C-alpha cells in the first residue's frame, strides 16, 4: 500500500513534534525513520497509525484520505518496543487475538496461526506462555500477531530496542528476510544508523521534527545532504580548511568533514597531507582505530585494518602524515550547528 504524508504538522502544547512533513512511501517498501530522541519519528509513526491526529496536513493511504480515520479503520499492524503480549494467553492465543475479535471462523484462525508460527520460526511454541520465551521470541510473536489480520501496513516502533546487541542483530536480519516473504509496506522507527542501513530499502533521516533527507542506504551514506546526516550515520572528523589540501576552497566559509575510514596514513611526507602525531591506538578485532593530534592540536580519528597498522608499525607519539579521500564540504555555520545536534 502506498502512503502519502502531505504537509503534516503536530504540536504538543508549545512543542512542535512534527513540522510540515511531506513524504511519499511506495507500496511494499521497508522504510526506516531514523533520528535522535525527540526528532519526531515516533510521533510520525503514531500519526500514520491513527493513534494521534495531525494539527494540519493530510495522510493518504492507497490514494484515500485517512487523516481522520481511527486505527481500526486503517487496517494497520503496530508493534511496540516492549511486545505488549497478553501474559495470560499462550503464544497461539496471542497471535489469534485480532482474528477472534473480528469473529473469523475457528478453522481459519487455526490455519492462520500455524502458518504464522512457521513464518516467524516458532513452530511448536504455540502452547507456551510469553514468560517462557526469550525477548527475541516474544518480539517475533508480537510481529506474528500484527501480521495475523493481514494489515495493509506494518508499523514498528523501535522493535528491537529492548533486546541485547547480539539478539538485535540476529532479529534485524530475520526482519529483512520476513519482509521479502510477505511484501507488506513496513515502516520502522530506529535511532540506530547501523540498523537502518542494514534492514531498509529507504531511510528517512529526521531532525527536530523535520525530514533532513530521504534516500536508499547507499545514497544517504555516500551522498549526505547536510553535516547532520553525515555525522548521525557514523563517526566524522572535521578537517582544517587547508589551502594545500583543498585549493578549491578560497574562503573560510566551508566545513570539511571526512569519515575515519576515508583517511590513510604514511610515515613519510609525500604529496598533499596533514602532519599529525599518534596519541593512542585501539585494537578492535580486525580493525585498529588510531587517535591522532594535528599540528594545530586538533584531534583526528583514523580507521585502519590490522594489516595496515602492522605494516606502518604505528606506536604512540609517532609522527605520521594523513592523506584525505572523499571529503564532504558543507556551509560552515550550518555544519557547526548540525554537528552539535547530531552529537546531542
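Cβ atoms here come from the backbone N, Cα and C positions, even for glycine.
Positions annotated as ATP binding site by Swiss-Prot: 35, 36, 37, 38, 39, 40, 41, 42. DSSP gives residue 40 (ATP binding site) a coil state; it is part of no helix or strand. Cβ contacts within 10 Å of residue 40 (ATP binding site), excluding its own Cβ and spanning all protein chains shown: 24.
The domain 'ABC transporter' annotation in Swiss-Prot covers 3-233, and the record cites sequence analysis as its basis.
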Protein Cβ atoms within 10 Å of residue 35 (ATP binding site), excluding its own: 29
For residue 38 (ATP binding site): intrachain residues, at least 6 apart, with Cβ closer than 8 Å: none
Secondary structure at residue 35 (ATP binding site), reduced by DSSP to three states: coil
